[in-house]
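**Student:** Here it is, the structure in full.
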Amino acid sequence: MNKANRKSQLTSSLFVLPYLLLFTVFLLIPIIYGIWMSLHNWDLLSPVHEFVGLKNYLNIFDPASYLNNLFFTGLKNTLLFVVFSVPLLVVVGLGLALLINSLPARIRGLFRTVYFIPYSVSVSVVAIIWLWILDTNSGLINQYLQKFNLPVIAWLTDMPWAWISLVIATLWWTIGFNMIIFINALNDVSEELYEAGALDGASRWQRFRFITLPSIKPIMLFVLITSTIASFNIYGQPYLMTRGGPGDSTKVLLMNIVDEAFKQRQLGSAAAMSLLMALMMIIISVIQFRISNRKGVE
Amino acid sequence: MKKKKWLGIAMTAVLAIGSLAACSNDEKTTGSSSGKGDSSTITFWAPFSGPDGPRMKSIVEDYNKSQSEYKVDFQIVPQSDYYKTVDLSFSGQKNGPDVMIMHRDQLPTYVEKKLVKDVTETAEKAGVKEENYAETAWEGGQIDGKQYGIPLDIHPLVFYYNKDLFKQAGLDPEKPPTNREEFLDAAKKLTDSSKNQYGFVVPTLWPNQFIYPTVLFQNGGELLKDGKPNYNSPEGVEALTFLSDLVKKEKVSPANVQQDGEVTLFLQGKNAMHLNGPWMMEQWDKAKLNYGVAPVPQLGTKQQAVYANAHNFVIPASVKDEKKLDATTDFLKYVAENTMEWAKSGQAPASKAVYESAEFQKMKQQPQVAKQFEYAKFAPTVSNWGQISEPLWQEVNLALLGKKDPQKALDDATKKAEQLANK
């Protein structure tokens, strides 16, 4: 018995091995290397990288250093995007899932595909499509606004419109993924619960509030955390659509990190910035997890 | 049973070691790729991922056919990743090119770090001489009096205009404006906001990296003074005020133009005059626009000038093999005499043998580009110009969107850039 057990353990380890190898090569080693770099004055073009301890980190928190401004302005913009986009990513994703689930089975598949397709195109395609639609002077939306004698909107060059445009483009692009996950979650909710609810005279809303929502809570948490992480990593949309403008008001943290690494060629401080960013994402995910779990206990 | 367990462990170990070995093997092969073959083959890197790529490729192919002693292995690295790739190859000091293209505004950074070679000797050996090139281009390859780059071309800002719109507005389509007065006059005549048609749509982002310095230079201003940011000089403020007034006061441009918004309008025939780089030519041709090209009018108040960048050939300092250097020399000499092909992408080669030839002068856009060689000016000679100038473009953006007063914007840009410069 014992032997067989060990053998099966060994077999399962074997199955994990390929992942473990890839994880080590592409994640673990780079992360450790990144930590190592962040402790050095690592100029990409200098052959010597002197050890500076925590100086890169201290610079980020020193208001006199340009890194301070670079990091915190970028962070503020990234956080704004997270706050604007995550609730919508969850709510709209769930809404679409409910909508599609209430469709007749025959056309359900079609719409599921239609909403999922944008998820499979690359960010540059998304940016080009939305640049055309949103163009201040020749874009589709403003053409119609003019036709109805409404004032045109500077979608990408004025605040808060630039954020609204970025959130809309992101929603259109990625909502399909959340939707599919929610559809699966909804299908897993037992029909009997709804029947029982209906018998007890629960309204549609009550059934949704007291049966659907509690049943899909773990999935909701998953979607919430993955969406937060994805939104934290925002880069392509502002880089291609607003170029960080107007001024630097949509210049997000990752854009600043890439600039620091490859324009300024300071890999050390760029590594420090990205590690702080990663740390922040971990903390936020843990908090989200904790909060949702506590509610579950009550 | 026991046997099988050990077999399992052994297999695991083999797998692990095998994959590690595979990794190191890979490294070896890629690491030595630059040294493959013999030293009569040289690797040449360039960022020509646009329509200019095939042109350079055919120059290299012709060179390889023209002689049998040397061979050039031409590799295109996409423009957006070019300097990243170059930096990584320099930092590893391996797997790098033997000769490469470098933009003028990037050159000071690499010279300061001693990563590119002084090519004075190489040029002499090849018979590549100063008098064979446009003066501006040759001097553009120099830093502190030493020659580091051998010029391929200069690409200054150029002036494009829509001939059909000129005719409709009663302007002579063969006489584009040459100064501020004529420019403003034409812009007003060409503007018809009821038809959504504008004289000169003011971009708020790229290519202001070319437009704003052009007007600033024409005002007699400088971007840096004694190596320090000087963005808020009176000349700078005048230049930015002029540009933002085109939107605010003269109303020859719509407000809130987004990235490439002015290009879209030019392609749609709703933007009559347009400033951009010579690389836009193929787009206009493809759209079958009836456009004209001319030197940039003197929009500033003092002198004629234009901001430009340039492609230079440079040799990494790590290349020491004499035979490879000879091969490079030979190739560069050939290029100097045979760059007519390069002109076909709309660029103007810096070699006199090409741009003074009758064939070149017959082209439409290219001679107009070459006309500006004499007074073209490059980015300031300073390390990391890309980063130091970043705040400037952000503040110019805010001013042109009407969100900040030009003086205030340039004050802020100077302050931010100073912080960057003495990091």
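Placement of Cβ uses the backbone N, Cα and C atoms for every residue, glycine included.
Curation does not apply to TrEMBL; its annotations are automatic.
According to TrEMBL, the feature transmembrane segment maps to A:12-36, A:79-101, A:113-133, A:161-183, A:219-236, A:270-289. According to TrEMBL, the feature domain 'ABC transmembrane type-1' maps to A:75-288.
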**Student:** For the transmembrane segment (A:219-236), which recorded stretch in the set A:12-36, A:79-101, A:113-133, A:161-183 gives the largest number of Cβ pairs separated by under 8 Å?
**Tutor:** A:79-101
**Student:** For the transmembrane segment (A:161-183), find every same-chain residue at least 6 residues outside the stretch whose CB is under 8 Å from a CB in it, and list them.
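**Tutor:** Beyond its ends, the transmembrane segment (A:161-183) has Cβ neighbours at 80-81, 84-85, 88-90, 92-94, 96-98, 100-101, 112, 115-119, 121, 123, 126-127, 130, 134, 153-155, 216, 219, 222-223, 227, 230-231, 234, 237-238, 241-242, 245-246, 249-250.
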**Student:** Mind checking which residues of the chain, 6+ beyond the ends of the transmembrane segment (A:79-101), have their Cβ under 8 Å from one of its Cβ atoms?
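**Tutor:** Apart from its flanks, the transmembrane segment (A:79-101) reaches 108, 111-112, 115, 163, 166-167, 170-171, 174-175, 177-183, 185-187, 208, 220, 223-224, 227-228, 230-232, 234, 252.
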